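What Swiss-Prot says about this protein:
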COMPBIAS  124-141  compositional bias 'Basic and acidic residues'
MOTIF     219-229  motif 'Nuclear export signal'
DOMAIN    609-690  domain 'Peptidase A2'
ACT_SITE  ASP614  active site, for protease activity
BINDING   ASP815, ASP890, ASP891  Mg(2+) 1 binding site
DOMAIN    1149-1280  domain 'RNase H type-1'
BINDING   ASP1158, GLU1192, ASP1213, ASP1272  Mg(2+) 2 binding site
BINDING   HIS1289, HIS1293, CYS1317, CYS1320  Zn(2+) binding site
BINDING   ASP1344, ASP1401, GLU1437  Mg(2+) 3 binding site
REGION    1548-1567  region 'Involved in homooctamerization'
Amino acid sequence: MEAVIKVISSACKTYCGKISPSKKEIGAMLSLLQKEGLLMSPSDLYSPGSWDPITAALSQRAMVLGKSGELKTWGLVLGALKAAREEQVTSEQAKFWLGLGGGRVSPPGPECIEKPATERRIDKGEEVGETTAQRDAKMAPEKMATPKTVGTSCYQCGTATGCNCATASAPPPPYVGSGLYPSLAGVGEQQGQGGDTPWGAEQPRAEPGHAGLAPGPALTDWARIREELASTGPPVVAMPVVIKTEGPAWTPLEPKLITRLADTVRTKGLRSPITMAEVEALMSSPLLPHDVTNLMRVILGPAPYALWMDAWGVQLQTVIAAATRDPRHPANGQGRGERTNLDRLKGLADGMVGNPQGQAALLRPGELVAITASALQAFREVARLAEPAGPWADITQGPSESFVDFANRLIKAVEGSDLPPSARAPVIIDCFRQKSQPDIQQLIRAAPSTLTTPGEIIKYVLDRQKIAPLTDQGIAAAMSSAIQPLVMAVVNRERDGQTGSGGRARGLCYTCGSPGHYQAQCPKKRKSGNSRERCQLCDGMGHNAKQCRRRDGNQGQRPGKGLSSGSWPVSEQPAVSLAMTMEHKDRPLVRVILTNTGSHPVKQRSVYITALLDSGADITIISEEDWPTDWPVMEAANPQIHGIGGGIPMRKSRDMIEVGVINRDGSLERPLLLFPAVAMVRGSILGRDCLQGLGLRLTNLIGRATVLTVALHLAIPLKWKPDHTPVWIDQWPLPEGKLVALTQLVEKELQLGHIEPSLSCWNTPVFVIRKASGSYRLLHDLRAVNAKLVPFGAVQQGAPVLSALPRGWPLMVLDLKDCFFSIPLAEQDREAFAFTLPSVNNQAPARRFQWKVLPQGMTCSPTICQLVVGQVLEPLRLKHPSLRMLHYMDDLLLAASSHDGLEAAGEEVISTLERAGFTISPDKIQREPGVQYLGYKLGSTYVAPVGLVAEPRIATLWDVQKLVGSLQWLRPALGIPPRLMGPFYEQLRGSDPNEAREWNLDMKMAWREIVQLSTTAALERWDPALPLEGAVARCEQGAIGVLGQGLSTHPRPCLWLFSTQPTKAFTAWLEVLTLLITKLRASAVRTFGKEVDILLLPACFREDLPLPEGILLALRGFAGKIRSSDTPSIFDIARPLHVSLKVRVTDHPVPGPTAFTDASSSTHKGVVVWREGPRWEIKEIADLGASVQQLEARAVAMALLLWPTTPTNVVTDSAFVAKMLLKMGQEGVPSTAAAFILEDALSQRSAMAAVLHVRSHSEVPGFFTEGNDVADSQATFQAYPLREAKDLHTALHIGPRALSKACNISMQQAREVVQTCPHCNSAPALEAGVNPRGLGPLQIWQTDFTLEPRMAPRSWLAVTVDTASSAIVVTQHGRVTSVAAQHHWATAIAVLGRPKAIKTDNGSCFTSKSTREWLARWGIAHTTGIPGNSQGQAMVERANRLLKDKIRVLAEGDGFMKRIPTSKQGELLAKAMYALNHFERGENTKTPIQKHWRPTVLTEGPPVKIRIETGEWEKGWNVLVWGRGYAAVKNRDTDKVIWVPSRKVKPDVTQKDEVTKKDEASPLFAGISDWIPWEDEQEGLQGETASNKQERPGEDTLAANES
């Protein structure tokens, strides 16, 4: 077994690379195969006959058990075995065809390959070497029959044609089915390969499927390939290979094949069978390394190419390893040349780099074979890695998915997986049986057992589906299919011009049914058998009623034989008459003109076709034969026309098509606009979606329409998130009155066709609300559905600017009534919008409906509405480019240069919208004068907002937010300046929408000005004849800009613009104006479609030439005029301010005084110091509530104001303030508290200021360091007495340690200050040792209740632990009560004895009156801690955890994974206590019971000092117990024992002579021996300590880190 595993593992590493299985996986697979009886011995794995049974068995196991590990391992092993056999066969074939000996080997296969002796010996684990005699015998040529030769030279004898050598000129490839070796006998002869072909002889490359000479010198035209692929996308970096005539010729690769391969890779992917077939075809013959790399660069992207290069290198290394072992390997030239290497195989050797001629001349045929085969194998690996196949086990047939589509997905996934080929068919068939729909599964179960392939199963299912019951839609599709012969006959007749007298087209013959003649001209005319027979229909002679021409109303011309009456030639089917009557007496076949209204360039805009008027068709379908090839089409939402037997694919016109019917007199019916379907049908059909629009009247409609109106073509499918599982929210109950109203509204919507009955698995609630008029409104709560949708992006970036309408043009406003209800939902999305109409008391089944149109409240409804209406109006925009049509949601505004043009355009727009299914409210059509649109009133020259109230009601933050939103909407029209918006912005600060707000005086004054402004200000409509001007200015609290005309003379504003709120701490005015100019230019182009003609800048820019860099960047590309003038009068309302470009701050020293500043967060002071002669002057400011940055800024501001008219140097160690002050070199807008402080100081100065930054606490000597140190010392100096410490604590409530450092007082004084604070000491201070552990058993217990759900119904466990011995007692209770606590303690006393004290939390069960009385009767002291806090209860809390873990382990061991049966709970609880108390825990050598009943006698330990509250170390103590984090110490004088934290204990080295000797020391403090300096007995104590460590008591296991 081990030898076989070793051989297989080596083969897998060779042929599988990094993904090879481990030896452990191979061994597990072999063990499984032997266990299942699939292998008699491991060596049977080498037999090809056993591969298929193993594959089938492992595949079935993976399907049944879901365990595919062995199958994956077997797939890799099988691949390695097959590759090894193929390599052996290839080697034998290569040797044979190259004339180097070896027998002719048949293609590899289980039946024809016999294991050689070497392999059989390897099966037995023997190491086998090949002798020289064996190799010679194997290499010797074998006598064979004369093969059929082709016209190329022979490898063995060199004969041109017809040689009798046992070789063929087109040798077989190493893999079955592909030709591999070309005729390259002369290539590389000068390297000593023994050929006779001269250097210049041309040897053609053997192409796939043929052999012969190449037509002269040629090359692979990579440049042409690159040009053809330029439009397809893949990056092409290959360069052409140029082969000169003096070198050996190399037949080029066909560029078309490479182009087609690259396109296949891009569209089908790397793993596609089509891709692999094309790659194998291109590489069926040897290629140069240059061609191989160029080919891979073309078809692979950068990342796959990098993977391929690595994989190719690995494959070539394998070839080199094989060639190294075998000197006569084909790559070594059969031993007649130097051995190959990696540089030669990659074309990197001398004379080969970038030289295709050198590669063709120097590479041996065997090397070319290895290069190409390795490249192909590397491509297969890259295809598997770059495009991993999807998991086939997760594929199931969808509810609406056809079986063929399901089979396509499944087969593609299985064939792209790593399953062995022999396992794929069984897997596919099993998936058919388990993953298809239930009805398909029943069909497959009933299938005969002889169906064993996927193809047979698919054919069987499709055949059975054909006899399924027919539906209405199926019958309609069958009729449509059956009518095609008649339609084609008539269409051909019309096209061929076969007309009778008077130009009328002839019908069908009464006798034979053929077109082109009547019965009278029929050559097959029969004489009437009974000329005297009378017709009962027309009372005529010579025919009966069945033969009467008047029967069908076809002007005496009956349908032919086999054709029923009407337009449906369906034999043995009910006759279906046309469901229409045509007032103009037209025939069903009409002449139609189609006009393309799109903007795409086409050869012809209009075409004439013949179409059938068909009321049985839901939609209009244009035959692909009639559809112009250059008219664009797109994929439809429903890509098929469904009917019996499935459907036919269809597409939809991308452009709107105008359809017009030509009457007999040549006139044109009213044309109709629609998006027709385009399909491969035998004749065009005008369906019900356009018959009414063409003036036809429909009667007796057959069947039920499956589409709504033309608008269905405009339905936009919704996008759902990946996890859009159905949502079901129950309908909440409604009162009877609202339920009646809901029922009425639902019935109304059902009659209008807005909803339809539903059986959807989605449901969301509906409700009604009463409107002001008293009627009810239906609302649908779609929040849960919206959460599953992917919102559409915004398609309209804001509302249109109405002032851009040309001045003086007449206007018309249209309103679309119920716009959402006029646009249908895509059919596949309707079920998600289902709801339930409940009944009272569930007395009847609830009725369920779903929306067919856009529901209100759906997140995508507004966007879809805008898209659909815009798509309907797009042809009109193209048809009337001069018409101004503003569309926002369901509101339309039309503007034309004349009243007549406006009326004509309005009628056309209304007609187009109505034909598309929309409704226009006639009473809402507005015409001048005084139209209103989007909240504005429009006149012939102005645009003014409407709807401002006298004074809004403000109560909350949300009210202020709504008001500010309304003002933001009005600002561009009214020009509300920033100073009037400031009071409202101030009220927006806050985070709670319900936070109270008041209508203060500032808001009232600002609102009064805004209302006054709305009565006088308005926008002027744009006059295209006048230049467009723009202006900007600085004003209070911001900047303002305007677009208009005549701004400097007679201002006519068209649009106001404002600077944005600052986002930085400080923004210079120059930057604000730069951003506003950029915004103004962009708004002009976006609104008016043109650049500003004249730009007015503030006068300061005229004085400062050239213009600043920021202004120049804002004016980049500006071609208009720039004027600098005083502020225009139009800005008076904004109170404009002068812009100063003067620089106020510099970073270079200036002549003048120097001040140093600093601030401290500990003292909350900011100071300024400066030198006056020999001494330093100091000025300081203190603010306990300010941050250190604000203190630094205030200190610098204080320094700036010391000498406001004198240049001043300010030195600071704050980088923050220094950088900010430098940015404030020019005037600007501050936005933070620090920036406001500095800006206020700079605005009061008239002289230059320099800010200099130095590093604090630097040791560099000099004036700056000295001044900074003085400022720092003054900022941090404080002399707080005890009273000031109390004041500091009262203000900040800091702790004693911080108070001690801040006020330079002792810790004891600081603690006393904190303890006197009533807010910081709601509980008394805890002394050290308040939570001691017992020094011996029965001194202190800890008790707690813990919940264990596994012990339900009595799931409360009372736990008591002895703090000295760690012994645990547990009892079980149903509730936490005082009685339960008392019962538990009585049990614990019976087990362990009566304790002196018990500590618990302060729960009611422990602090009740009855519990206190019970403890008093037993004489037990009781203390409490903090409930829910481990402080004081750490040991029992850890005991709870330890107990629960033990219960869980014991329960799972008995098979109780969740709840423990009641009958087993008592026994299991006893087992847990036994395990915890009677066995050692951790490193302890004694059990808790042993420590409890045989305690260790404690003796005094070494002397120590303890730290008392004053911070001093007190002597006179000895250690009794050293625990985890705490120690018990005993006073030598008073015998007082206390517990103190271990950090407050240290050895008392002054008392070493009084130390208790080691034989008297307690083992409980052995852990501290490493820091007790016993000099005289150091070694002895250490030895004792080592021995004592093994006897440390067990309480350390439960010791608490109690503070």
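Every residue, even glycine, has its Cβ placed from backbone N, Cα and C.
The recorded positions listed here (ASP614, HIS1289, CYS1317, CYS1320) include no residue with a Cα within 10 A of the Cα of ASP890 (Mg(2+) 1 binding site).
The Mg(2+) 2 site is defined by ASP1158, GLU1192, ASP1213, ASP1272, and by the 8 Å test on Cβ atoms against their centroid, the other residues of the chain that qualify are PHE1156, THR1157, ALA1159, SER1160, ALA1195, THR1212, SER1214, SER1256, ASN1268, ALA1271, ALA1275. The two recorded residues, HIS1289 (Zn(2+) binding site) and ASP1272 (Mg(2+) 2 binding site), show a Cα separation of 24 Å. Using a 10 Å radius centred on the Cβ of HIS1293 (Zn(2+) binding site) and all shown protein chains, the other Cβ atoms total 12. Taken through DSSP, the domain 'Peptidase A2' (609-690) splits into 3 helix, 43 strand, 36 coil. Here GLU1192 (Mg(2+) 2 binding site) is compared against the binding-site residues ASP891, CYS1320, ASP1344, and the shortest C-alpha distance is to CYS1320.
Cβ neighbour count for ASP815 (Mg(2+) 1 binding site): 16 (other Cβ atoms within 10 Å of its Cβ, all protein chains included). Summary of the Mg(2+) 1 site environment: with the site residues ASP815, ASP890, ASP891 set aside, the chain residues having Cβ atoms within 8 Å of the Cβ mean position are LEU814, LEU816, CYS819, TYR888, MET889, LEU892, LYS924. Comparing ASP1158 (Mg(2+) 2 binding site) with the residue listed as 'active site, for protease activity', their Cα atoms are 93 Å apart once rounded. DSSP classifies GLU1437 (Mg(2+) 3 binding site) as helix under the three-state reduction. Summed and averaged per residue, pLDDT over the domain 'RNase H type-1' (1149-1280) gives 85. Recorded residues CYS1320 (Zn(2+) binding site) and ASP1401 (Mg(2+) 3 binding site) have their alpha carbons 23 Å apart, per Cα-Cα distance. Other C-beta atoms found within 10 angstroms of the C-beta of CYS1320 (Zn(2+) binding site) number 14, with every protein chain shown included.
Note: the Cα of ASP815 (Mg(2+) 1 binding site) and the Cα of GLU1437 (Mg(2+) 3 binding site) are spaced 73 Å from each other.
Comparing CYS1317 (Zn(2+) binding site) with ASP1272 (Mg(2+) 2 binding site), their Cα atoms are 32 Å apart once rounded. Annotation for ASP1344 (Mg(2+) 3 binding site): spatial neighbours ALA1358, VAL1359, THR1400, ASP1401, GLN1433, VAL1436, GLU1437, ASN1440, criterion Cβ-Cβ under 8 Å with sequence separation of six or more. Across the structure, ASP614 (active site, for protease activity) and ASP891 (Mg(2+) 1 binding site) place their CA atoms 36 angstrom apart. Cα of HIS1293 (Zn(2+) binding site) to Cα of ASP1272 (Mg(2+) 2 binding site): a distance of 26 Å.
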